[in-house]
Amino acid sequence: MLNTLVVFVGAGLGGALRHGVNLAAARLGGSFPAGTMIINIAGSLAMGLLTGWFAVRGGMPQAWRLFLTTGILGGFTTFSTFSLEAFLLMERGAFAAAALYVLGSVAAGIAGVGASLAVIRQFG
């Protein structure tokens, strides 16, 4: 129960942080999704730092790891988890699996959004 609570609180903080970055990026103007790009890159950098730190330091309580990675970074961006998983596949030499994971996730994600929008636009 404690782990679920710390993930819940962390996700709320990460989501609020994401909203703040998007608001700040919107002030730059333009139609390019700079906020999302900044969030995805920053989240991926943070995921690498935290994962590496946990591995080197060890002894970090599970609740803290969940709060920081699954909670805050999960609320901030799921792209950081996607990036970590793709990197770990490549690091293990599973290049075909990594390519399938990256290309499949992106292609299926875009197709899913497109199909859902088409249904709503047609029948919504």
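Even glycines carry a Cβ here, placed using N, Cα and C.
Since we're looking at a predicted model, the values are computed, not measured.
Per Swiss-Prot, transmembrane segment is recorded for 5-25 (among others).
The feature transmembrane segment is assigned by Swiss-Prot to 36-56 (among others).
Per Swiss-Prot, transmembrane segment is recorded for 70-90 (among others).
Per Swiss-Prot, Na(+) binding site is recorded for Gly74, Thr77, and the stated evidence type is sequence analysis. Neighbour count (other Cβ atoms within 10 Å of the Cβ, all protein chains): 25 for Thr77 (Na(+) binding site). DSSP classifies Thr77 (Na(+) binding site) as coil under the three-state reduction.
Counting only same-chain residues 6+ beyond the ends of the transmembrane segment (100-120), those with a CB under 8 A from a CB of the stretch are 82, 85-86, 89. Annotation comment: Swiss-Prot describes 100-120 (among others) as transmembrane segment, evidence class sequence analysis.
Summarising the environment of Gly74 (Na(+) binding site), the number of other Cβ atoms within 10 Å of its Cβ, over all protein chains shown, is 20. Proximity of distant same-chain residues to the transmembrane segment (70-90), defined by a Cβ-Cβ separation under 8 Å and at least 6 residues beyond the stretch ends, is recorded for 6-18, 39-40, 42-44, 46-48, 50-51, 97-98, 101-102, 105.
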